[in-house]
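In what follows, a structure is listed as structure tokens, so that the remarks can point back to it.
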Amino acid sequence: MSTRRFNNVKDEDEQYHNKLRRKTENEEAQIYLLKSRGQHLLMNPRVLNTIVQKSNILPTDTVLEIGPGTGNLTLKLLEVAEKVIAIEIDKRMVEILHKRVAERGLQGRLTVICQDALKTEFPQFDLMVANIPYGISSPLVAKLVYGKNSYRSGTLLLQKEFARRLLANPGDSEFNRLAVNVKLVADVEFVMNVSKKDFLPCPKVDSSVVKIHPKTEIPEVDFDEWCAFTRTCFTKKNKTLGAIFKQKGMLMELMKLQETKGDEENNTIYSDYHVNDAEDEDGARNEGNGNFSSTVGKNLNLFKEIINDILRSGGFEDKRPSKLSHEELLDLLSLFNQARIHFHGQVKPMDESEAELASAFDPL
């Protein structure tokens, strides 16, 4: 068969992508797309249709879309949902979005919020469906799964590497703090991979679509305490817990935290842990300069023994965080807390607290 008749699949695919790019450049790209904001427009209608189909949208649903861009996904969502609320920070995109929606007579079902999605309080919604800008994936997932809004599911297009980490399970080489924190409160389902060729401009990496379902039963745990605990454990996720909790710098910081919390609660159990602030680069005292007093050294050794006793009592000393289930991690945190060892500090202002929560979802 002649290649001019496009019987060759590769040639057909190449022509398809070239045609889409020319169409977008002619019709929409009076606008300069900012890669710094993760502005990569999803162009492939097959992928767009699959995302909408897999989202299981009901005719009565309100869909929240983050970063709608020029509206390729928005238009398809409006075909099946009762209402779409789109949060878009770029005013240029908003103008194009309004124009395209108005041309199809769907403007009555679209609400556009021209603000930063991370700084905006989400309105009530049933589903989130979005092509997430790569740069805000972690904080946005955190805001979805740990936010105030109840929701049925979130269908998200993410960077493939990020999605793979999000999908990882205990024992997988990629199991990490991102997965352990998200999966405490939600289940994550793989939907499909998406080629970088399906975007304009073409990003450097491929993407994946995942679907997040909130769990109906959530463990009774302080989420700030949980995130601080997993941050400590997963800093060296492949080391044994015994080795992790022998690090002098980490022990000093943890001991200082107990002293602070003891003062707040009028708790004398750690009243002997008087730690000054003169530390070397590793968070340890410089004994040669006389900054590490014998009293602090004795207290540190005592604190270290308390930690070791906790690990041994639960059989955790030789276990590695990367291989522990949520149940095992929750049991270990409970043992620490029962011994009045805590990982989270003082209550912080709202914006600082939100920033800390988002950092807990970095895929380490």
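Backbone N, Cα and C define each Cβ position, glycine as well.
Note that TrEMBL annotation is computational and uncurated.
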**Fill in**
Candidate ranges 1-21, 274-294; TrEMBL annotation region 'Disordered' resolves to 1-21
**Message:** Say we define neighbours as other CB atoms within 10 Å of the CB. Which of the binding-site residues Glu88, Asp116 has the fewest?
**Reply:** Asp116
**Request:** With S-adenosyl-L-methionine as the bound species and His40, Leu42, Gly67, Glu88, Asp116, Asn131 as its recorded binding residues, calculate the greatest Cα-Cα distance and give it in Å as a whole number.
**Result:** 20
**Request:** Summarise the model confidence on the domain 'Ribosomal RNA adenine methylase transferase N-terminal' (47-216) as a single mean pLDDT, whole number.
**Result:** 96
